[in-house]
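As recorded in TrEMBL:
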| type | residues | note |
| --- | --- | --- |
| ACT_SITE | CYS184 | active site |
| ACT_SITE | HIS351 | active site |
| ACT_SITE | ASN371 | active site |
| DOMAIN | 119-436 | domain 'Calpain catalytic' |
Amino acid sequence: MEKQARAEAILATKSDGRNALEHAIKAAELYMKAAERGLDKVDAARLRQKCQEQIVYAEKLKARFAPAAHGAQAPAVLPASKASDILIQGSKLHKCEFPPWNQDPTSIDLERNLDNSPEFIGDVMIRDDTVFTLSPAQLENFAAWARPDELVKTGPDFPQQSHEDVMMQTSEDSDLVQDITTDCSVVASLSAAYNVLVGKHAVLSSIFYPFDHTKGRPRLSASGKYIIKLNFNGCARRVTIDDRLPSSRTGRALFVVDRHNPCLLWPALLEKAYLKVRGGYDFPGSNSGTDLWVLIGWIPEQIFLQREDVDIDHIWTRIESAYQSRDVVITLGTGRISADEEQVMGLIGEHDYAVEAIDSTGGVKRLLIKNPWCDGPIMTTMGRSVPQVSCSTSSSCNAPSSDPGLLDRPGAGSRIWVGIEDVAQHFDSMYLNWNPSLFTHRRDHHFSWTIPRSVYKTSLSQNPQFSIMEPNGGTIWILVSRHFVDTELEIARSRQDSMSSPAACRLGYMSILVFENSGRKVQISGRELYRGPYVDSPQTLARLDTEPGQYYTIVIDQHELPLPQYSFTMSLFSNSPLVFSEATETMSHISEHDGAWTRRTAGGHSSCATFFQNPQYSLTMTRAGPVSILLSADTNTMHVHVDVVWARGERVAALLRVKDLAASSGEYRRGCAEVTIPVLEPGIYTIVCSTFEAGQLARFVLRVASMTPVRVAPVPAAEAGRLVTSIPQVRLAEDAMRCRASLHASWLTKASVTVQTASANLPPAAGIPKSRQLPSAAMVRLSILLGWGPEQVALAVSGETEFQDPSVPIRTPQFDMEPQRIQSLGCWILIESMGCTHPGLVLKADILSDSPVRVGEWESV
């Protein structure tokens, strides 16, 4: 095998373009297989090194040329300038600018106005003129935007303490809550991440400015200006705010407060910075996974607890040690719950909760859950959960920690210990935010995606697709983050204002699919290695365990994303360098053809007599080679299918036989179908596009990909450009089971005949009551005969000589009418029936021809 690998490596150096790339990839694969053949360690290491060299060489080759993508909208791996454009575009939100974080701010930066004009003078504090919108309930309680000195209510011992000691303390004894705010997810996030912000990792020291590193806490800004480092729209960004907060005229809090220290300022400033990014204090809602990704930059993962395949023991194994080392932050979210459940359990529907501790004392796996709403209902026992002694919102409840002694401590009514099994029963989602330092390597890729037109929404060919390979194998985390835009905020607010039309106000869903497809593009789903849930969150995560040297195809999919274009960032986390690029097209020539199933052309599957009416295309191959054909409809409510038929590019009129098929897409699939032919010989074929049920209407696109140029053209409808001659209706009865009519033509012409049951408003048959003139269950065969008698020749026979049900059209193949032979021998339409038990079977027929055809009278034979 090593010899084969060397040969492929030599070919890679002597070939050009895509051929060289193919040889390099093959050589790398062969070296890897050779290394796994049980050789000694020295040889195995040498072969792996050879494999790595071929991988590097293949990456260099990929960079030399751009893959052909005729008509495709999937993005290329962007050069630095394009990526910069995306990041710059993502800086503008809600009439504010949030530039990428290039360096930590200096003391001078903190003294300059927000527009970078000269620094403040004396007592004139810096002012942020950004409009922070408030909800109607907040406006009812709103008094004014106030500085910290105006908000602080000091006690008799305050003179012995400085403002900074009170406002910027980082004590572990904290109890953050919300009051008249709509950002439960943000407060739950701050509560759950409190010990990460100020504890071992001290994340706050790297995101909050000014910061006193000696005392390990934020500093008060003399100018009233604060700069916060938040992570959104593709990178860390600078968010600048002033220190004014919304004061209340009613005593209700309009920002996050600490019940143990109502003067604590920095959580409210962190909240204000985040809400500036998200559009204001009337925040329409998010989830804690997204909030923590923005606030501290930790990798968000959403676990859907109501899925049948959820493994709570596996979840606990993953989170237990990570939580104790403070490498994961945990929050929970409820779904829609009934009023009875709210009353019995004290839970709130569509609300986020913080997890402030976990414990497995006595073998019982439990989480300490906190409701961030200060006036929320008191949570009660859930199943095997441990009830807590409630306390008022003003009592001094100790903050939780990882100390198992918490099981014995009375907690506030807003906290309760809940067993992991009961968590899985009563909550919809668990949000895990992981410390990115758990990985040694990170790579961010920024890209834009124009959402494909509706005919492509059921397939993947126009979706962003990328190739990824881990030379050493192991775990890769793939995080896709959709950039915030103003329009999404408008949609979210309109959904909040009018729940009567949720479909029109949805923000849509997205997912990640992973294929073992050698890093090549895929066109349809169904064979994926991993299929992530479709989430309405701006982030979605895939955790992938990879084999050494194996290329995977990563596909981003969406459902009902409402905007025409989006920007995304894909972040790859791993423990060694990755090989990453855009997924390449398997074929070099691509053509697209729009079509539709209409009332005239929706013929149904191949067992329907109307199958011939389906849209058909001729496919001309001048050289043998691979061909891939995608049929994609604009709806996923119907099942579709594509056949490639040996029919010389002519319309397929009869029902299909296996021997007629060059290839088929197999079973009918919902929304889209694909047929891939490794080698299609030169010739002219007919492509038939069908739905399973006749009469199903939709638009579609036919996408034909090949390695050599091919020609695809619509096959005209049977009656297109042809004369239609109606034949007088004929009645079949028990004494007239075979009828014929003569055919005549003055010029050489091609023709075909169709027959089917008539609606038949013929006069009643003589002597037979109308009540007995019922449609027959007869089966009919239609023949075109040249001559009559022993020497007659069948020019065309319907249904491959089989009798068929005339309730749907029965059609003969096309035949030639030669005037001289017809004049000499005669030409006849012959209709034969079986099972005609009533005399009321009436048939109508038409002739489609290139030139005029005359028809004689019907007669029984």
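Each residue's number is its place along the chain shown, starting with 1.
Any Cβ shown, glycine's included, is placed from N, Cα and C.
Automatic prediction, not curation, is the source of TrEMBL annotations.
Feature annotations (TrEMBL) mapped to structure.
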residue : record      : Cβ within 10 Å
CYS184  : active site : 26
HIS351  : active site : 21
ASN371  : active site : 28
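Cα separation, ASN371 (active site) to HIS351 (active site), rounded: 9 Å. Within the model, the domain 'Calpain catalytic' (119-436) shows a mean pLDDT value of 84, rounded to a whole number. CYS184 (active site) falls within a helix when secondary structure is assigned with DSSP. A Cα-Cα distance of 7 Å separates CYS184 (active site) from HIS351 (active site).
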